[in-house]
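J.: Sharing the feature lines straight out of TrEMBL:
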- 110: active site, nucleophile (ACT_SITE)
- 110, 395: Mg(2+) binding site (BINDING)
- 112: active site, proton donor (ACT_SITE)
- 112: GMP binding site (BINDING)
């Protein structure tokens with residue numbers, strides 16, 4: 001009975017995510033019929049062997065280790081339930097911090113990629129326009145025009161070392177994930193990366209990058225608009241290196257970022273979206289449903305965006321209708337975030353219907369009116385909307401959320417469109433089998449490293465190689481170059497660290513709110529700290545402290 005209870009606990013371990021995997025506040029339907037490959041097919045070079053006890057004197061230690069390996073393969077096979085597929089719901093809201101919507105009286109929103117979700121078709125337009133600006137206005141080589149936008153190259157959250165022309169993925173502990181450093185479009189060997197940083201994978205971000213990810217020598221690309229910027233930057237570097245052209249890394253970086261900025265400043269992106277809103281704006285009807293539902297339940301709404309009024313007005317008319325401003329108690333455009341949250345000097349100015357500025361002093365913020373710039377300190381003084389009564393949603397962890405959570409105590413919600421695709425990958429049979437076996441194999445490696453004879457060391461080396469191959473397979477499921485935006489091989493990414501720090505909730509789109517009552521309470525899953533979960537999954541399954549595996553390590557005490 002005890003063994004059955006422990007196996008049930010292990011099954012819950014798989015289903016509930018208490019192993020440090022993704023956490024969900026709701027479940028999707030199960031996927032019947034999914035099942036892992038049979039345990040009888042070992043990996044290449046693996047002998048078929050029946051389970052056996054620990055080797056007695058004179059027994060073959062290599063055979064013993066392979067027997068443990070086969071036992072583990074069978075154990076993982078037997079424990080993976082059919083419902084493990086489609087376990088997570090892409091439309092769920094995920095909680096980093098406990099929050100009850102019953103206590104939230106005021107809802108605030110960013111516009112771009114929050115109220116208005118944009119199609120990926122916008123990215124090649126930004127890339128092409130900035131590429132042509134480089135050639136025509138910055139006099140870059142014509143050969144750059146041969147490059148097209150590759151949507152599969154980069155992911156959000158990457159860091160760029162300006163002086164080294166290095167695009168890379170960094171984990172929560174400031175270490176580069178080896179195999180994810182690129183110069184131009186070519187991977188940089190791990191040995192070279194380590195050599196570039198003085199014999200270590202560690203990047204001293206506190207010396208090289210600022211709070212908002214914009215340091216003197218390293219920048220973090222945090223918003224979705226940065227995807228075409230990273231692609232263009234990599235293509236231009238690739239062209240210069242491929243043709244043996246000398247260049248100053250800092251100048252090239254600045255020119256590319258200025259070209260991308262010009263696309264926004266000159267209003268090109270606004271023009272594309274306004275010409276074909278059906279093509280570029282997604283889920284407009286769902287945005288209308290979210291806003292209407294909140295107003296119907298007596299909530300107050302406000303909008304703070306960096307976009308100009310004419311652009312926001314056309315988009316909101318498309319999604320919500322001509323009376324969209326009646327849903328909002330306060331509307332602020334061209335706010336200049338993140339300085340809006342920290343700089344007290346810029347006053348609010350009122351805009352008329354034609355976008356002309358008024359010169360009168362603002363003593364109150366009126367419903368139905370439009371305001372430009374301003375600052376959060378005047379906003380708090382005029383509205384008295386303070387503390388956890390306010391929940392603000394945005395897509396940029398730094399520009400939208402960081403200051404509000406750290407300095408002002410607002411509750412925050414991060415919109416992460418990539419979450420939907422990543423969860424669908426996590427729900428696949430291939431991912432779940434790969435990850436579960438990888439974890440079990442890691443547990444074997446940790447315990448069996450006590451075998452120091454030559455034959456055992458060869459076995460352990462084979463396991464280590466297999467583990468590394470599994471890690472690369474799992475990484476490539478998300479993105480061939482950089483993997484998941486949320487994890488390195490094992491650790492959370494630097495992006496994930498910021499997401500947890502600056503958001504109470506996160507979700508793929510604002511429409512996820514429609515799946516919950518307006519008084520719903522979100523509870524974060526209690527994921528164990530390392531000292532709270534000392535056992536690997538297989539130890540839990542096979543009898544906890546009674547497992548013979550623990551006996552193998554008893555002498556370490």
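Keep in mind that glycine also has a Cβ here, set from the backbone N, Cα and C atoms.
Predicted automatically and left uncurated, TrEMBL annotations should be read as such.
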J.: Tally every other Cβ atom lying within 10 Å of the Cβ atom of residue 112 (active site, proton donor).
T.: 22
J.: Between residue 110 (active site, nucleophile) and residue 395 (Mg(2+) binding site), what C-alpha distance do you get in Å?
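T.: Given the Cα positions, residue 110 (active site, nucleophile) is 8 Å from residue 395 (Mg(2+) binding site).
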J.: Going along the chain, which residues six or more apart from residue 395 (Mg(2+) binding site) have their CB under 8 A from its CB?
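T.: Set apart from residue 395 (Mg(2+) binding site) by at least 6 residues yet with Cβ under 8 Å, we have 110, 112, 113, 114, 223, 224, 414, 415, 416, 417.
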J.: Around the C-beta of the residue listed as 'active site, nucleophile', how many further C-beta atoms are within 10 angstroms, looking at every protein chain?
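T.: Taking all protein chains shown, the residue listed as 'active site, nucleophile' has 24 Cβ neighbours within 10 Å.
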